[in-house]
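Asks: So TrEMBL lists these for the protein:
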- B:6-27: transmembrane segment (TRANSMEM)
- B:34-57: transmembrane segment (TRANSMEM)
- B:63-85: transmembrane segment (TRANSMEM)
- B:97-115: transmembrane segment (TRANSMEM)
- B:155-173: transmembrane segment (TRANSMEM)
- B:203-225: transmembrane segment (TRANSMEM)
- B:254-272: transmembrane segment (TRANSMEM)
- B:284-306: transmembrane segment (TRANSMEM)
Amino acid sequence: MEAKTMKERIKNLFLNETLALTILSIIMGLLVGAVVIYISGYRPLEAYRLMLDGIFSRPKYLAWTVIRSTPLILTGLSVAFAFRTGLFNIGVEGQFIIGALAATLLGYFLKLPAILHVPVVFFGGAIAAGLWGAIAGFLKSKFGVHEVIATIMLNWMALYLSNFAVEQEAFKRKGTESSHDIHETAKIGMDWLKESLGAATKVNWGIVIAIIMTALIAYLLFKTTVGYELRAVGFNKDAAQYGGINVKRSIVLSMAIAGALGGAAGALHVMGVSYHVSILAAMEGYGFNGIAVSLIGNNTPFGVILSALLFGGLTYGGSKMQLIGVPTEVINIVIGSIIFFIATNRIFRYVLKCLDRKKLQKGVQ
Amino acid sequence: MLKDLAFILGTTLMYATPLIYASLGAVFSENSGVANIGIEGMMTVGAFSAAASAFILSDVYGILWWVPWVAFIIGGLAGGFFGLLHAVASVSFHADQVVSGIAINFLAPGLSLFLSRRLFEGATMTPAIPLNAKLPRPLNGVIENSILDTIFNQYASVYIAFLLVLLSWYVLYKTKLGLRIRAVGEHPKAADTLGINVYKIRYFSVILSGILAGLGGASLSMAIVASFRPTLISGQGFIALAAMIFGKWKPQGAMGACLLFGATTGIQIYLGSPQVGLNISANLLSMIPYVITLVVLMGFVGKAVAPAADGIPYEKGER
């Protein structure tokens, strides 16, 4: 009896197989990182302790981890949403840039009371990026251009467009490589928290907005007709078409929503953290990291939140490893390994099966 | 005028070269049925390994004729190693090939920068390779003072790229191996029934794809520039992937697409050069290659068809 309940308990724990495999992958990824750290002559335990301290030891650090995670929730959500509807949104990088640019333009050139300015800037950024994303959807549905190619090209166009805008005299702050800051009325800082965390810690409402958006997307995807249609197209385009769903419209709509989410990430980043946009020499990686976040979160809205927090923690806390000289790039190795193990989770399944078989044989004897 | 044209043609060849290597890599992988989005990472690690080895080798042995070549090959092998990793995941463990490719895109650049910091005192940019340790220019001085010199006085990597296009076309369409690669990508089950080892062919193709992508990265860091830095590749692997799709999964098609992209880059650099004297923002000019590529793609409605089994893991014995 005793053994059975124990077994049942373990079974329950592993009932959610995906979750178990994800956690196992994260542990394995950290192990690979530890090996890399060890081989290059540092002490892995000390490095990881520094990382954990860098996340949890002070409220300020925890706040920064959340601040870093906020845009990743939305870019991850954007990728996850597109995946669910059968599209691969590599373009979230560019959508982020467009969202940030539009938000900064509206935040600087408009003068409104905060109660209007904040929503105008936020939705302005999201809508601009939504239209930008819809271009890729339109090109796919009308001309058959693969969305991966279209969004890659659009990423670079977005980057240069943003740089071009920052170059303009009316927008550029003299003596810098950046635009002017947005007005105070467009910022979303949690000033009452800044008193206890220090003024330099840019705590803001972004995380709350990001979580609300995640809930809305989950509702849209799984509880509405539109969401059902979008997912149906993702499952099987031809069947959806046969079933009377307008596939072409669905593709455009899906890319527009994914784009708007990427743009919302950019807008929130400007409103809460950076306050301006700068001339970029290369992609910043919010979008590409969003792809990783989405994959680690198993392309589910709730999973994306957790995985964005993990990602934010790894990158923010991981930078503290530099204190003992460990190059921070080890974090990218850890993240890459986690994704690699998630991709190859058959390894674990295989091992588990072997263990099971052995157990069974023992039981028979 | 002729001189300007020669300048554009010369830059076209120069900028198309890394893309040609990488897109050939993509052609092999995808024709065997394995989507390879990790090309970007494989290019990065190739560029780093080649630049770092060229610097270290010329430091240790002096600048000898073989140094750039060995470094170039090391770049290819480094890419091939990540090709192997991708193959293990996507062929043996039936991983989602996009996910595995993205893992490569984190792992390979991460490892490159990590090693760079370890080897070069915390710098993410490798020290410049001595001029003579870059890949040679075989036609340097042969055709001096003519527009032909502007066009054809290129690094050896450029000529090798075009030879490889020819070779890839020959292998894919004129040899038994090529037939097998395409069979495995089109209908692995049928190929398996006929006694072709699907896994072996796919392993071969994906590793080869990594080697080619690595060489592409090396052709950047050892010819066009003389060092590796984190932003060196920035998206060229994805553009090579786009070129492969645009070129309809064929070596010659991919080459054409790479040349188109190289040409738009050449035109952009030409228009931006001071002797043309156009007063257009460099940022707007930089958009030209991407806009033209998109516009050209729009004209090719639905003509591109991937190999039937591209991106689908093959499982022996599955119905």
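Quick reminder: no glycine exception, Cβ is built from N, Cα and C everywhere.
Unlike curated entries, TrEMBL annotations are predicted automatically.
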Asks: Short question: most Cβ pairs under 8 Å with the transmembrane segment (B:155-173), which of B:6-27, B:34-57, B:63-85, B:97-115, B:254-272?
Replies: B:6-27
Asks: Could you check whether the transmembrane segment (B:34-57) and the transmembrane segment (B:254-272) come into contact, where contact means at least 3 Cβ pairs under 8 Å with the two residues of each pair 6 or more apart in sequence?
Replies: no
Asks: Would you kindly check B:6-27, B:97-115, B:203-225, B:254-272 and say which stretch has the most C-beta pairs under 8 angstroms to the transmembrane segment (B:63-85)?
Replies: B:203-225
